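Colleague: Take this structure, written in structure tokens, and hold onto it; I'll ask about it next.
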Amino acid sequence: MTNTQFYITNFLNHIKLQKGDSSHTLRAYKNDLEEFFNFAKVEPEKVEPIVIRGFISEQILKGKSKTTVARKLSTLRSFFSYLYSEGFIKINPARVVSSVKIKRALPKFLTVDDAFKLVEAPSEDKFTVQRDKAILELFYSSGIRVSELCGLNLEDLDLKEGLIKVRGKGKKERIVPVGQKAKEALKKYLAIRQILRIKKKLSLDETPLFINNRGQRISDRQVRRIVEKYAKFIGVLEKIGPHTLRHTFASHLLMEGADLRVIQELLGHASLSTTQIYTHVDLKHLIEVYDKSHPLSKEDE
């Protein structure tokens, strides 16, 4: 094992233990670092700021988005900061490299009508359809992340109180309320889930809340496909995914007057600044309503 491989492995283990990041995030870190060192052609101890700047410039010339380039630079900063704090290197070369300035895009979200159509789309009494309905209702009702939904266990659900216990980023737990429609969908799903277990004599792991036909915990990819499938079914042309439903949940709450700090808690954001992006969405919505409704906003006829 080379020094580079040794350092990358140690860094990834450190991230996993300290932050509890998902396997998807860890793979992204690994890919970013391997790509950088393939470019740098030197061991971590010999990396200088000019090498990092050269890598960033190459990424931009390749046509990578500013968001992607900023993420790669963030990975390098975290990596070299770790090596410096552990005494593996004497100077942190990433510390003096300027950030990539990116314009923060407003999150996409569904209209109220489309959100209602989406959660009503699954209507058959089949296991997969009732499961899909419960998933869509829960997304719109709670705003949880796809990784949080896939990680839910039966014991995390309290239908009597209308609450779920969610494990978010860094394995931080929070309690999130569940709406009446989502509760009803979950009850139907749990009943048909039990029938499936008996009917197919599946050797189910009793823990996962959402499972596939084989009784295994549902994956992120499967959930993304479910959301995309029903979005197409109701005629939404833009590509949407689970995160769109998270944005929809937050945006609709704000439009109805919910306090920003309450939304922050529900979403599991560590910082209020992350949640504040939705105030821009709400402002855009208010301007659109004004333009359509206020007499003085209309051109002379």
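Backbone N, Cα and C atoms are what each Cβ position is placed from, and that goes for glycine too.
Sharing the feature lines straight out of Swiss-Prot:
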| type | residues | note |
| --- | --- | --- |
| ACT_SITE | ARG145 | active site |
| ACT_SITE | LYS169 | active site |
| ACT_SITE | HIS243 | active site |
| ACT_SITE | ARG246 | active site |
| ACT_SITE | HIS269 | active site |
| ACT_SITE | TYR278 | active site, O-(3'-phospho-DNA)-tyrosine intermediate |
| DOMAIN | 2-84 | domain 'Core-binding (CB)' |
| DOMAIN | 105-291 | domain 'Tyr recombinase' |
Colleague: Roughly how many Å separate the Cα of ARG246 (active site) from that of ARG145 (active site), to the nearest whole number?
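Modeller: If we compare the Cα positions of ARG246 (active site) and ARG145 (active site), the gap is 7 Å.
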Colleague: Taking Cα atoms as reference points, which of the active-site residues ARG145, LYS169, HIS243 is nearest to HIS269 (active site)?
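Modeller: That would be LYS169, the closest of ARG145, LYS169, HIS243 to HIS269 (active site).
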Colleague: Ten-angstrom check, please: count other Cβ atoms within 10 Å of the Cβ of HIS243 (active site), all chains counted.
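Modeller: Its Cβ has 16 other Cβ atoms within 10 Å.
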Colleague: Just to verify a number: CA distance, HIS243 (active site) to LYS169 (active site), in angstrom, no decimals.
Modeller: 15
Colleague: Can you check what DSSP calls ARG145 (active site), collapsed to helix, strand or coil?
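Modeller: Coil, per DSSP.
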Colleague: How many Å lie between the Cα of LYS169 (active site) and the Cα of ARG145 (active site)?
Modeller: 10
Colleague: For a quick check of understanding: among the active-site residues LYS169, ARG246, which residue's Cβ has the most other Cβ atoms within 10 Å?
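Modeller: Top count of Cβ atoms within 10 Å goes to ARG246.
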